[in-house]
Amino acid sequence: MPIMTETRARLRIERYADQGRCVSHLEDGRVVFVRFALPGELVEVLLDEPHGRAGRFATGEVTQVLEASPDRREPVWPLAGPLAWGGGLGGADLIHVSLPGQLVWKADLIGQQMSRLGGVDVQVPVARVPGDEELGGLHWRTRIELVADDQGRPSMRRRGSHDRLPIQTMPLATQELLDQADELGIWEGGLPAGARIRLAVPQPRDGGPVGDNYALLVDGRLSKGSRLLTERLGAGAGPAYQVRADGFWQVHRQAPIVLTKAVLDQARQALDGVAEPVVWDLYCGSGLFTLPLAALAEGRARLLAVEGSARAIASAKHNVKQAGLDRVALRRGDVAKILAGGAPKGLGHPDLILLDPPRAGAKAQVCRLLAASGAGTIIYVACDPTSLARDTATLISLGYSPKHLEAFDIYPMTHHVETVAVFTRTAGRRR
């Protein structure tokens with residue numbers, strides 16, 4: 001039984017939970033979600049304020065480990081560890097977990113959510129991205145966002161307070177980004193108090209210098225570098241993507257390559273034998289998947305690409321034009337409204353739908369519109385297992401079956417995980 005004082009408890013940790021936490025129970029039966037714990041451990045926990053109606057559950061954070069899991073390791077970035085150990089910064093909630101342990105955690109979470117919310121029992125291994133093991137799970141972020149403290153130094157907020165802790169490095173950032181930060185003197189301060197700082201440094205694919213292909217934004221305004229950045233999926237030949245410095249792009253240095261390959265592998269299988277496939281690319285962003293999808297079927301694929309962000313769709317239009325693609329119809333707007341209004345002529349009956357929605361997922365209305373299209377295959381790229389699981393249940397109810405699921409650890413040291421799921425229309429269902 002847990003030993004509990006007013007604000008502290010000694011707990012045996014039971015299982016993984018979401019948001020980088022684990023589950024235990026207090027002696028009064030309440031669930032407690034514990035940060036910086038691992039299943040099987042005996043830990044001392046400092047409890048936060050009770051949560052939920054009538055305090056039905058609690059949260060807390062490890063202050064001492066009495067019996068450690070084999071998957072525990074010393075935080076390689078102590079400032080991101082527990083508050084009691086001098087940490088408290090966000091952005092690395094699995095910093096206390098070994099790299100193999102992180103993969104187990106994320107696979108378990110996917111299985112939990114797909115079973116509980118999706119009604120599907122799956123066991124999916126989480127694949128490590130090339131290079132991450134050699135780098136110890138560090139140096140993968142090509143973009144960072146910070147805030148200047150009262151003295152103008154880059155800082156991050158300490159959890160549970162309004163205090164800002166100045167930092168002099170960011171271990172999750174790529175070495176190229178850190179070198180650029182040093183060259184710009186970012187860590188030295190001198191910024192307006194409270195200024196929002198964003199540094200973006202695309203990963204050089206040919207081993208060459210960064211040059212002016214970087215951007216330092218201060219409160220959204222370009223301070224140094226280029227407003228328009230160039231991203232590539234490989235060295236030498238291949239499309240170049242123009243992306244706004246304040247726009248979205250996959251943050252892991254290898255994520256665009258890994259995810260594009262996974263999507264194309266599944267798309268080719270789905271469209272095998274289709275001479276002139278119709279493809280919908282929903283939430284297309286700057287066109288990461290649009291360009292390679294348009295090259296399917298020897299360039300005879302016809303695409304409808306939809307994106308809500310004006311900045312992203314402007315980049316997508318530029319990228320499509322630069323690639324010489326004339327069979328892509330780009331639409332800006334809410335995906336549900338665009339689909340409800342009807343697809344352009346000749347694009348109303350897709351053979352394949354790809355969607356890469358925001359963290360909240362596609363949701364029921366969009367899922368119904370996907371099903372109404374009669375598409376034979378849906379490829380769903382998700383950054384949140386909970387949202388994917390909810391949408392999985394909806395798609396199953398609409399006549400689709402999950403065919404394939406794979407997962408990638410493109411967010412080492414954090415609880416986030418990326419998945420690529422494939423759904424096929426159940427035989428006998430009408431278009």
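Even glycines carry a Cβ here, placed using N, Cα and C.
Not measured: the values here are computed from a predicted model.
Feature list (source: TrEMBL):
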- Cys383: active site (ACT_SITE)
- Cys383: active site, nucleophile (ACT_SITE)
- Gln250, Tyr283, Glu307, Asp356: S-adenosyl-L-methionine binding site (BINDING)
- 2-64: domain 'TRAM' (DOMAIN)
Of all the binding-site residues given, Glu307, Asp356, which has the fewest Cβ neighbours within 10 Å once its own Cβ is left out?
Asp356
Can you name every residue in this chain, apart from Gln250, Tyr283, Glu307, Asp356, with its Cβ inside 8 Å of the center of the Cβ atoms of the recorded S-adenosyl-L-methionine site?
Phe248, Cys284, Gly285, Leu288, Phe289, Ala312, Pro357, Val381
Please report the distance from the Cα of Tyr283 (S-adenosyl-L-methionine binding site) to the Cα of Cys383 (active site), rounded to the nearest angstrom.
13
Reported as an integer number of Å, what is the Cα distance between Gln250 (S-adenosyl-L-methionine binding site) and the residue listed as 'active site'?
11
Cβ contacts within 10 Å for Tyr283 (S-adenosyl-L-methionine binding site), all chains included, total 21
Cα distance (Å, whole number) from Cys383 (active site) to Asp356 (S-adenosyl-L-methionine binding site)
9
Pairwise CA distance, Cys383 (active site) versus Glu307 (S-adenosyl-L-methionine binding site), rounded so that it is a whole Å:
17
Please report the DSSP secondary structure of Glu307 (S-adenosyl-L-methionine binding site), reduced to three states.
strand
The domain 'TRAM' (2-64), counted residue by residue under DSSP: helix, strand, coil
3 helix, 34 strand, 26 coil
